[in-house]
Amino acid sequence: MVTPINRIGEFGLIDKLAKAWSEGASETAPSYKQMLQQIGGINSDKAGPFLPRLAVGDDGAILDVPSHRPLLTTTDMLVEKVHFLWSPERIASLGHKAMAVNISDIAAMGGLPTWAFLSIAIPPVATVEEVVALYRAMGETAGRYGISLAGGDTVRSDQWVINVTLMGLAIKEPVRRSGGKPGDLLVATGWLGDAAAGLHLLLSGKPFQEMTMQEQLLLHRHLEPTPRVKEAVMLVQQKAVKAMLDISDGLSSEIHHLCKQSDCGALLDLSRLPIRDETTEIATSTGQSALSWALSGGEDFELLFAIDKEKVSLLSTIEQKTGTKCTIIGELTPPNEGINAFHGPEHKSQAFPLRAKGYNHF
Ligand SMILES: Nc1ncnc2c1ncn2[C@@H]1O[C@H](COP(=O)(O)OP(=O)(O)O)[C@@H](O)[C@H]1O
Ligand SMILES: Cc1ncc(C[n+]2csc(CCOP(=O)(O)OP(=O)(O)O)c2C)c(N)n1
Ligand SMILES: [Mg+2]
């Protein structure tokens, strides 16, 4: 069915969107509910653990914020032609990604996501069914993490823009980019360069059905990143993590952010970067560099964090409990030593300055 938006108007649409979100909202996963219970003070018996007192329908939302937990807030937008190419076949992925990139930021601050405000700019040619599908998908991902819809804004525009403002509650003291000290280990979760490989495949125009399983996986990693919430929770609960951020623009620039805020230098062994063989194969076969994808491709939404050397055993516990790799990629050094990298322990003496070469909008 194809319904033009002007048939129901802005307010008719908003009504439908709030409903679509609730219909899509999946039951919060039992393992996630269990985690909320373990963290304590969070009543996860209700359908949504963080239901707003008042959400859509008034001039603002009313949220009951527990006084003992600092409130975290983040916002990130996805813009057509900058962050995604509009395709009616990829609406569900887009909805997921709009939530996931924000959930990733709350995780990187050491928090649990709770309330979402969704602002959306819609081209006049879009249909009600498309916007409803987008909200249903956002609701589905949000539901998995116990997130409730708190409000938003709806406007017309020449291209799609999806802005999510996400709030969260800190599990313990929020984790900043600034707590790292020389001697701390630098660790990355998951795999780096997957999203850039996936984007490369997307832009190549190769039909999905003609892709190998490995190519489909990498495309999926670009379209539907997994925010590392459980991993962050474990790090924070064990008071192991001293500085953290998520890798949205690319490892090399995120390392510069962490070092600047922590007043540290860094020494990285590039041979240790967690890069899949599949990513290397695709890069090699298309004349690209998997290492550049890992360092500057961006959008992997993995966590980069500094951890005390004594807490290193926690990394294998996280791997066992979550199935997510945690790779030590280097260490923090005194600030006057700068940010350097080498390729393999045998070349440690030939370390060179690592430039910040992540995605930059301008
Ligand atoms: N237009 C803006 N106005 C105010 N603050 C902004 C703006 N854009 C970014 N920031 C702030 O700058 C910091 C870095 O932003 P960004 O690089 O987008 O972080 P992230 O990669 O975590 O999304 C954040 O604290 C963010 O809130
Ligand atoms: C069509 C298209 N072209 C290029 C990209 C690659 N890309 C767009 S934005 C971005 C970086 C991350 O986005 P940003 O808005 O900087 O996220 P933030 O750092 O604010 O979390 C990358 C790698 C893409 N995803 N889609
Ligand atoms: Mg941002």
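A Cβ is built for glycine as well, from the same backbone N, Cα and C atoms used for every other residue.
The Mg(2+) 4 binding site feature in TrEMBL is assigned to Asp59, Thr74, Asp105. There are 23 other CB atoms within 10 A of the CB of Asp105 (Mg(2+) 4 binding site), with all protein chains counted. Asp105 (Mg(2+) 4 binding site) falls within a helical segment according to DSSP.
In the three-state DSSP reading, Asp59 (Mg(2+) 4 binding site) counts as coil. According to TrEMBL, the feature Mg(2+) 3 binding site maps to Asp59, Asp105, Asp246.
Residues or ranges marked as Mg(2+) 1 binding site in TrEMBL: Thr75, Asp76, Asp153. Its own atom aside, the Cβ of Asp76 (Mg(2+) 1 binding site) has 17 Cβ atoms within 10 angstroms in the protein chains shown.
Residues or ranges marked as Mg(2+) 2 binding site by TrEMBL: Asp76, Asp105. In this structure, Asp76 (Mg(2+) 1 binding site) is part of a beta strand by DSSP.
Residues or ranges marked as substrate binding site by TrEMBL: His83, Glu299, Tyr359. In the three-state DSSP assignment, the secondary structure recorded for His83 (substrate binding site) is coil.
Sequence annotations record features per position, and here TrEMBL assigns ATP binding site to Tyr135, Gly152, Asp153, Arg177, Ser248. Counting every protein chain shown, 12 other Cβ atoms lie within 10 Å of the Cβ of Asp153 (Mg(2+) 1 binding site).
For Asp249 (Mg(2+) 5 binding site), the same-chain residues lying six or more positions away in sequence with a CB closer than 8 A to its CB are Gly298, Gly358, Tyr359, Asn360. Under the heading Mg(2+) 5 binding site, TrEMBL lists Asp249.
Sequence annotations record features per position, and here TrEMBL assigns domain 'PurM-like N-terminal' to 57-169.
Per TrEMBL, domain 'PurM-like C-terminal' is recorded for 181-336.
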Largest CA-to-CA spread of ATP binders Tyr135, Gly152, Asp153, Arg177, Ser248, angstrom: 32
Least Cβ-crowded entry, counting other Cβ within 10 Å, from the binding-site residues listed as Tyr135, Tyr359: Tyr359
Residue, out of the binding-site residues His83, Arg177, whose Cβ gathers the largest set of other Cβ atoms within 10 Å: Arg177
Sequence-distant neighbours of Ser248 (ATP binding site) in its chain (C-beta under 8 A, six or more apart): Asp76, Val101, Ser104, Glu254, Gly298, Glu299, Phe301, Tyr359
Neighbour tally for Thr74 (Mg(2+) 4 binding site), based on other Cβ positions within 10 Å of its Cβ: 20
